[in-house]
């Protein structure tokens, strides 16, 4: 009978496993078809135009909209049902972040609509339909993620797997389209800058997809065309965040959730002043460096070389500080004896995999720069700064990944139940006063000590007893003899607690500092400050086209790594 029951259980899991495999294969084929269509448009393939690519993306978004509307309607009709929730998925700060990126994406869509209106005489209707559809898709998707990112779907599982995975790869294709459009714009600017650096031997052919007609209002067209490319970084981050949240939702379908209370970990500024101050200094200086870089680069050969030197020196200093902070945090972890939480958690597993996977983009660029410096015959002075910069990028990501992954896997510190329910009895001049202080006061060792009142703590239990008036004299003698022992025990407890609090404070400051540093290092590549494009040495060693292909493939992952690291460090700060 037991064997038959076991076979039935295993057999019952086959349909769901097959549904998972089939849905993932559907999503991959959907993505590959869109990827090839995007590539064909990028290389000006015969018979493939931008309207074909946009039509494909519009179709995918409409299908996702229909699925989300169906899911929302079904959820409303089953509102009274108790549903399982994954408390680790869809954190509030993550939802706030994706909402911010979505708002900026809506501004981008409005710019695209205005751009289409100004060039409507020579643009395909799909270029006007796409931003409208995308805006509706963005609004409904953000609402869906706010309401249902934590859901553990247990009904219509096969259908829901296809719906969710369709949404995942739709967002990945929209991300790919944004990355390609933004990269083509950056590439055109890069080709123009190379001339000012003296690399005339590299063939300069601009890849132009500009409309072949005049704008109706020149001023607005200039604002729209320039503003679009400054807003693309936020659109790119929005879609990659949405795809990761939807992927966690897909992994949770049919999952059995352990029902235990999840402690809320709100973000607090208290105790992280030092980390915030140093982080804000790095952020402010980085913004200033980026502004100067974008103004100086391409102006002349001297200005371009000074801009590159300034960027490398600043980045080397920041990366060295981040390495030091990460090493200190890891040393503190080595001094602590705390278990790791190895329970099944799709969100945490995805975070760790994304950290390592996207870091490979930066490592690829760094190793390319190191090989170019070693193999190049001529070395302009500014290129030598690229060597320590590239080495530090590799080391810093290695240390930071180790710190973040260990932090999100560490079990939160639990306090003994005896301490939580501790009742302090104080003795004062022959009378006994029973007090029940707040747990926070006891845990922090700050319970009130009024005029000679001494807490009695011994092995985490109550060591004082309430007495009536007849037994006061006898109890006073016993309490006086044990007073020293109780005080020593209390002092030992407070000392251990003080050391723990100091470690936690240092770790929180390090997490806050690294959070702001990662935001700072996200800004330069996201807004066009890319020395991998501009120093020119790699193009000479590897060839212009091969190196540009490597940069265009690796740079999006490098940019996403910084934003994802910042999000993970925010979570680390809340949990510490």
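Cβ coordinates come from backbone N, Cα and C, glycine included.
Record features (TrEMBL):
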type	residues	note
TRANSMEM	26-47	transmembrane segment
TRANSMEM	53-72	transmembrane segment
TRANSMEM	93-117	transmembrane segment
TRANSMEM	129-146	transmembrane segment
TRANSMEM	158-176	transmembrane segment
TRANSMEM	229-250	transmembrane segment
TRANSMEM	271-295	transmembrane segment
TRANSMEM	311-333	transmembrane segment
TRANSMEM	354-374	transmembrane segment
TRANSMEM	386-405	transmembrane segment
TRANSMEM	506-528	transmembrane segment
TRANSMEM	540-561	transmembrane segment
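Contact count against the transmembrane segment (229-250) (Cβ pairs under 8 Å) is highest for 158-176, out of 53-72, 158-176, 540-561. For the transmembrane segment (129-146), same-chain residues at least 6 beyond its ends with a Cβ under 8 Å from one of its own Cβ atoms are 54, 57-58, 61-62, 64-65, 68-69, 71-72, 90, 95, 98-99, 102, 105-106, 108-110, 112-113, 116, 167, 174, 238, 242, 245-246. Only sequence-distant pairs (6 or more apart) were considered; of these, fewer than three Cβ pairs between the transmembrane segment (271-295) and the transmembrane segment (158-176) are under 8 A, so the stretches are not in contact. Tertiary neighbourhood of the transmembrane segment (311-333): same-chain residues 278, 282, 285-286, 289, 293, 382, 385-386, 388-389, 392-393, 395-396, 399-400, 402-403, 406, 410, 503, 506-507, 510-511, 513-514, 517, 520-521, 524, 529, 531, selected by CB-CB distance under 8 Å and a gap of 6+ residues from either end. Within its own chain, the transmembrane segment (26-47) is flanked in space by residues 53, 56-57, 60, 162, 165-166, 168-170, 172-173, 176-177, 180, 184, which lie at least six positions past its ends and keep a Cβ under 8 Å from the stretch. The transmembrane segment (540-561) shares more Cβ pairs under 8 Å with 354-374 than with any other stretch in the list 53-72, 158-176, 354-374, 386-405, 506-528.
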